[in-house]
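Worksheet: one structure, shown below.
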Amino acid sequence: MTDTTLYPVPQSALDHTLCDHDRYMKMYAQSVEDPEGFWRDHKDRLDWFKVPTKIKDTNFSGPVSIRWFDDGQLNACYNCVDRHLETDRDTVAFIFEGDDPSVTSTITYGDLHSHVCRFANILLKNGVKKGDRVTLYMPMIPEASYAMLACARIGAVHSVIFGGFSSEAIAGRLDDCQSDFIITADEGIRGAKTIPLKANVDKAIQILKESYKQEVKKVLMIAHTNASVPLTSGRDILYHEELETVDADCPCTPMNAEDPLFILYTSGSTGKPKGVLHTTGGYLLWASLTHEYVFDYKKGEIYWCTADVGWITGHSYIVYGPLSNCATSVIFEGVPNYPDSGRFWEVVDKHQVNIFYTAPTAIRAVMKEGDHLVTQHSRASLRLLGTVGEPINPEAWNWYYSVVGDKRCQIVDTWWQTETGGAMITPLPGATALKPGSATRPIFGIKPALLDAEGTILEGAASGNLVILDSWPGQMRTVYGDHERFVQTYFSTYDGMYFTGDGCRRDEDGYYWITGRVDDVINVSGHRMGTAEVESALVAHHHIAEAAVVGFPHDIKGQGIYAYVTCNADIEPDETLKSELTKWVRTEIGPIASPDAIQFAPGLPKTRSGKIMRRILRKIAEKDFSNLGDTSTLADPSIVEDLIATRQKE
Ligand code: WT7
């Protein structure tokens with residue numbers, strides 16, 4: 001049962017707020033009635049080298065085209081670093097908390113400026129030019145942010161690949177965006193375990209050469225653990241050596257508002273991952289504005305987003321949003337359960353964190369270890385608790401609210417996507433009363449709508465597919481190198497509307513409740529995995545003839561990956577093959593794509609036209625055998641009986 005109680009706005013949020021309920025209502029109304037005027041006013045939160053006179057030029061149908069602040073010029077790095085120097089040179093930008101709790105350091109805006117300038121000069125010295133794509137494969141250390149900002153400073157386009165992806169995945173992404181410059185570290189450390197980043201990069205370069213006939217020119221390596229790793233002369237360069245040779249000053253390249261800022265790969269329901277492209281002006285404005293309003297951020301507060309910079313959350317809410325607002329943020333290298341599952345709250349006390357932003361999966365993981373790990377830490381500094389990545393179940397919400405937040409902190413459940421650049425449906429502290437499990441209401445400029453399968457817009461309380469009716473500045477502009485795929489994926493389901501891929505319910509108070517993906521995307525621990533991607537990895541194994549992958553409920557991860565595989569005729573399936581397949585998927589995609597369960601299937605349920613009936617496979621994985629729905633179009637009903645019999649035995 002969902003809890004429909006309205007939790008009143010906590011006093012702490014009312015005392016603090018920059019936007020109370022009336023102001024939110026007024027601003028929201030203005031933003032949707034007069035987007036031009038609203039964004040003309042709000043563009044001034046950024047520093048422009050050339051102030052835009054054009055504001056909104058967007059089209060969701062006909063030729064789909066999204067342009068904001070088109071004739072403006074700015075630099076994202078300038079807005080995140082340089083413009084703060086005069087007043088805030090000594091303000092702390094980052095507090096680094098290592099995986100090892102004894103490792104801590106602080107980086108002021110003045111320090112950040114010289115680190116980023118040097119980094120940018122290293123890139124320039126090694127031939128990186130405006131518009132080049134630079135790939136990052138990094139641990140969660142401050143240098144990852146320096147690298148991103150250095151790219152932005154000189155107009156290079158960064159493509160960050162999460163450190164949990166495999167060499168195969170890196171190679172595919174290098175090829176897709178034709179990137180020949182990689183920034184990495186010798187190793188990463190998470191939960192006292194090392195991750196062989198440089199070795200993975202070496203292997204990726206090998207694969208790139210063999211399978212894609214492409215070369216990488218340079219690998220810039222940061223010594224993080226000082227492990228001894230093989231170096232390729234002429235190709236590999238050492239950050240610490242290069243640092244000695246460059247200047248601590250580097251000018252910011254003026255960029256057009258619509259020049260690309262970064263590419264970030266994300267999974268879709270079909271094919272290989274898409275390179276989501278974000279541009280400079282609109283994205284930065286969106287990251288900046290949403291960071292300030294959603295977290296009600298005020299200068300001097302300590303803010304901590306636990307995401308990794310390999311995901312959009314890290315881009316928008318560790319790097320671009322907070323830095324553009326001159327915030328002080330914690331950068332955390334570790335994991336929630338090391339040295340123990342009280343680590344979050346230990347760090348909260350240690351650095352006196354006021355604002356804490358994490359994922360429901362992390363909340364569930366620490367929740368199960370017991371309240372004492374929370375209550376033994378004071379947490380008195382906390383004022384606001386945020387979540388992102390997947391629907392939060394009311395049980396976890398209540399635990400976060402009552403146990404972690406002692407019922408005095410504002411909760412913000414923020415719904416958004418890699419594609420949206422920043423938060424879209426979210427409470428605003430001090431403005432929005434809460435309901436556990438609801439992302440509540442749209443932020444400024446966002447016009448959500450719910451549609452039925454026929455494309456009719458549903459009014460009032462209703463359930464349907466979630467679309468957004470008009471553009472907002474933080475919207476992705478295209479799929480890198482494949483605009484047709486962008487149009488197909490987001491604008492072809494419902495003509496003239498941006499389709500999110502999510503199902504959603506709106507209640508009688510106008511609150512939105514995201515119900516999860518309606519396409520073939522699985523949300524594993526708040527990370528997107530395309531079923532097609534995992535399936536093609538599985539069938540690439542020489543013993544496997546066919547595979548079908550679905551999501552199923554998982555206590556901690558939200559959704560787990562359930563794989564049905566059909567072996568080649570001469571193969572006797574057994575437990576050894578199961579673990580071999582799990583390992584195989586880890587190498588093909590990465591640990592985050594590891595199947596949680598594999599079921600051998602002599603055949604897969606298909607329609608007479610050969611389409612796999614995933615709906616049935618989902619039900620079997622959920623052990624919901626009584627409710628398989630219409631099975632009349634099945635080519636061979638005995639296959640389903642067989643799958644059920646095997647599942648029942650487990
Ligand atoms: C998908 C986007 C946004 C950054 C992290 C994930 C799901 C995200 C919520 C939320 C319910 C959520 C949606 C969305 N999602 N936040 N607060 N409540 N669902 O970014 O990898 O692009 O995934 O995550 O299904 O479509 P992403």
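The backbone N, Cα and C atoms fix where each Cβ goes, and this holds for glycine too.
Any TrEMBL annotation is an automated prediction that lacks curation.
The annotation domain 'Acetyl-coenzyme A synthetase N-terminal' is assigned in TrEMBL to 24-80. Under the heading domain 'AMP-dependent synthetase/ligase', TrEMBL lists 82-468. Taken from TrEMBL, the feature CoA binding site covers T313, N337, S525, R586. The ATP binding site annotation in TrEMBL covers G389, E390, P391, D413, T414, W415, W416, Q417, T418, D502, R517, R528. The domain 'AMP-binding enzyme C-terminal' feature in TrEMBL is assigned to 533-611. Residues or ranges marked as Mg(2+) binding site by TrEMBL: V539, H541, I544. If you look up TrEMBL, you'll see K611 marked as N6-acetyllysine.
Sequence features, as recorded in TrEMBL, placed on the structure.
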residue	record	DSSP class
T313	CoA binding site	helix
N337	CoA binding site	coil
G389	ATP binding site	coil
T414	ATP binding site	strand
R517	ATP binding site	strand
H541	Mg(2+) binding site	coil
K611	N6-acetyllysine	coil
Using DSSP, how many residues in the domain 'Acetyl-coenzyme A synthetase N-terminal' (24-80) fall into helix, strand and coil? 26 helix, 11 strand, 20 coil
May I ask which of the recorded positions P391, S525, V539, I544, R586, K611 have a CB within less than 6 Å of any atom of ligand 1, listed in sequence order? P391
Secondary structure at S525 (CoA binding site), reduced by DSSP to three states: coil
Looking at the binding-site residues V539, I544, which sits with the largest number of other Cβ atoms within 10 Å of its Cβ? I544
Would you mind pulling the DSSP three-state label for R586 (CoA binding site)? helix
Rounded to a whole number of Å, the separation of the Cα atoms of T414 (ATP binding site) and N337 (CoA binding site) comes to 24
What does the structure give for the C-alpha distance between T313 (CoA binding site) and T418 (ATP binding site)? Integer Å is fine. 8
With neighbours defined as other CB atoms within 10 A, the best-packed of the binding-site residues T313, N337 is T313
Going by a 10 angstroms cut-off between Cβ atoms, which of the recorded positions R517, H541, R586, K611 has the sparsest surroundings? K611
If you measure G389 (ATP binding site) to R586 (CoA binding site) at Cα, how many Å is it? 22
Would you mind checking how many other C-beta atoms are within 10 angstroms of the C-beta on T418 (ATP binding site)? 19
Taking only the CA atoms, the spacing between V539 (Mg(2+) binding site) and R517 (ATP binding site), expressed in whole angstrom, is 24
